[in-house]
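Per TrEMBL, the features are:
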TRANSMEM  7-24  transmembrane segment
TRANSMEM  30-50  transmembrane segment
TRANSMEM  62-82  transmembrane segment
TRANSMEM  102-123  transmembrane segment
TRANSMEM  144-163  transmembrane segment
TRANSMEM  169-194  transmembrane segment
């Protein structure tokens, strides 16, 4: 089960980086990057991994995600600069979709490393205090703290000096509120995944005995 959770985590990271160029209108309430609907689910995944497999496993997942993002960015860059075939007429579109600015890539990586590690730390501090009880509390508390840090760092680094301060604050607030709504809604999913992971672990231990 751990292998599948890690694969899902890394897959969501790569997908969010690719689709981040698309902006969508949230019913006139806010403009958000498409990545917001994907990336937000990476946090409960590390919580599930940490809950069942421990802090070390969660930290390893975060590190694996960082390495994957770096390699995917490098290979995407290589693909962009490969000389296109004469009949390939979509080079411009290909570059537009896949080439995020260097500043945005750096902002994304810095925000990721700090916020995901914070999520793991907060989650396990609360677990040390409450044991296996109150999973909903440590899941939502760690996500609330880490998502605020992630959103603030990313938007500040990516857009400071490009957008006025009022616009930066507006982006931070709207994206954070959206992420919080998703975090509360996905709490039942966290419980379900933890239950499935523990069941899988018990089965594996029984087979190994």
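Placed from the backbone N, Cα and C atoms, the Cβ positions cover glycine too.
Counted over residue pairs separated by six or more positions, the transmembrane segment (7-24) shares at least 3 Cβ pairs under 8 angstroms with the transmembrane segment (62-82), which defines the two as touching.
A Cβ distance under 8 Å defines the sequence-distant neighbours of the transmembrane segment (169-194), meaning residues of its chain 6+ beyond its ends; these are 5, 26, 29-32, 36-37, 40-41, 43-45, 47-48, 51-52, 135-136, 139-140, 143-144, 147-148, 151-152, 155-156, 159, 163. Simply put, out of 30-50, 102-123, 144-163, 102-123 has the most Cβ pairs sitting under 8 Å from the transmembrane segment (62-82).
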